[in-house]
């Protein structure tokens, strides 16, 4: 404890010296801070947006990353993948098998494949330039539409149709199916889904987005008006998130920063910065206005500096630990948040302190800032007017009467309702071994059967594998029915089975030699159904990975487009609870270093835990689920909750010295006499008096509120002598700033309610909740616990 007191005294002297230095040279300090800011802005030259929800929120060690890498390498994908899906319905909600709709749907696919082109940076891109190696995803469906014959039942079975003696799977394209008399014969289907897996070079990632927009424009052509068509994909979802941020960005004039996951770090800085500003203003107001400015600023930083340091160190430590997370988005957020808090601390101690000192000099000279403020406001006013006039247009439209809701809202509901009926999972076997060995071949077939019977699987009818057709091919054309590699190249190059070559990695020379090196890897596709929400699919993904782990010698990887999001879902719980534990650990360490009081350490840690649990519970009741967005908001909230508790704990610890002085004064004047009580009353006189309210009516209401909070706390704990005096001194000093912090932050984010998108509302609800719980714990819960602990301790000592 002696070492911590020495550290405390050294810290107080350091802040005092800093205050005197800044107070003596305020304008030099401001200029230095501005120069540093300008130099750091150079970093914007290399600043770029990363907005891929599929990759940035999946942990780096998640199995889905390995599974995707296997799939990407197997298919020779050379670029950035943008999985997109086009959903097509008849405008009258009827069957797409009707002659007119079927022929027009064939034309729709043809135009999409051959005619939709875009020019980006002088180069023309069509579907064929963007689809490799996924160009044939819809070939079977197109063949089904062309060969459909109502008089030939074999051409309209489900989920596989017979094409020239080959069973071809169409279950991933045909939805809303009605069957004939309980058979597998398709009577009608209402929805067609075209998966388009577009691949662009890493340098031109925006090409796929531009092409999809051109495809959407094609949907509106007159000949295709018999369809209701829409598309979704990673690039479109990212653009909607970006558009939501841009529409929210104008609220920056209302003290709100625009939305993006990284930008969420600035909400934390806003909260922490406001918190510390009020502490410094409170300490500045408590100084004597007749003192010299350097002395006033020295006393201000000596009082408020340690509290600001504690909260900044605690928050920074928490986010530094967060940088060890395996989720890229969490790592980026933690890095930005840690640096932002560190820079905020730096600018508060230098920039804001210098502004305080400059205002102190102006007060002594009787100068006012009204004209300067008015000039700045008018410049902003005229600038906004010029911008508005330049953008002025005469447009009369019905759209102005309603909010422009995104098409994805309705489309996604319909898409999920259809798509959950049949969803593919690709299973890669990277080490099949010698398939001429009957035991090895039986094991591979057993693996396929296990995936066909896994959780939520559709069954063997939905499996698309090259092995059964090849065995049929051998029995019909081969010299023997036993498995051999010799006929594989002929099989895969035949007019009937050429499309299966995508499923097999083979060496033609080794195949002709009937060597096991013929097939180095292959994959098959099976389907699952009934569920599409990511949290519902966790059992299915776990079951796939269980099967894969059961056969390690075959190096099996099961990959679905849902896998990255399911890994995110499974990782969120650990991230959130880990953040809670980190916040508690950092709070305990900071309090142990700066506040050598076991009662304060226990109380602060309990309050952080209580606030964090309350945030999770209340947000859940408020309709906020755990997802990457809410996870980021919760990380911010956990860090912010530390501020309320750390300031109360520190000032309660510091109040002990002053209370001991008060007791000595009271005892020296005969504490039990009226004279002694009067001295004590004068020494502990509240800083907020009902008779001496300052400011407008809003500030009066706030001052009345904090006055009654202070008086109510004193009434509750009036029976505890020493603890009650310490609580009163603490609340009189820090209670009003804590209330200012919470209420001002809530008021500052109220404009977010004007943009009721999910992303915006999550941050709005989180900040309201953490501020409300932080104020309640700081002003009520912590005083109660500290008073109870110290009263019990005093009783035991007596």
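Each residue, glycine too, has its Cβ placed from N, Cα and C.
As the structure is a computational prediction, the values presented were derived from the model and not from experiment.
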Write down the single range among 209-231, 278-300, 301-323, 370-392 that appears in TrEMBL as transmembrane segment. 370-392
For the transmembrane segment (634-653), sequence-distant contacts whose Cβ falls under 8 Å of one of its Cβ atoms, 6 or more beyond its ends: 264-265, 267-268, 271-272, 275, 279, 306-307, 310-311, 314-315, 318-319, 322, 330, 333-334, 337, 575-576, 579-580, 582-583, 586-587, 590-591, 594-597, 600-601, 603-604, 607-608, 611-612, 615-616, 619, 726-727, 730, 733-734, 737-738, 741-742, 763, 766-767, 769-770, 773-775, 777-778, 782-783, 786
Suppose you look only at the domain 'SSD' (267-358); what would the mean pLDDT be? 77
Hey, does the transmembrane segment (766-792) touch the transmembrane segment (731-754), meaning at least 3 C-beta pairs closer than 8 angstroms, sequence gap 6 or more? yes
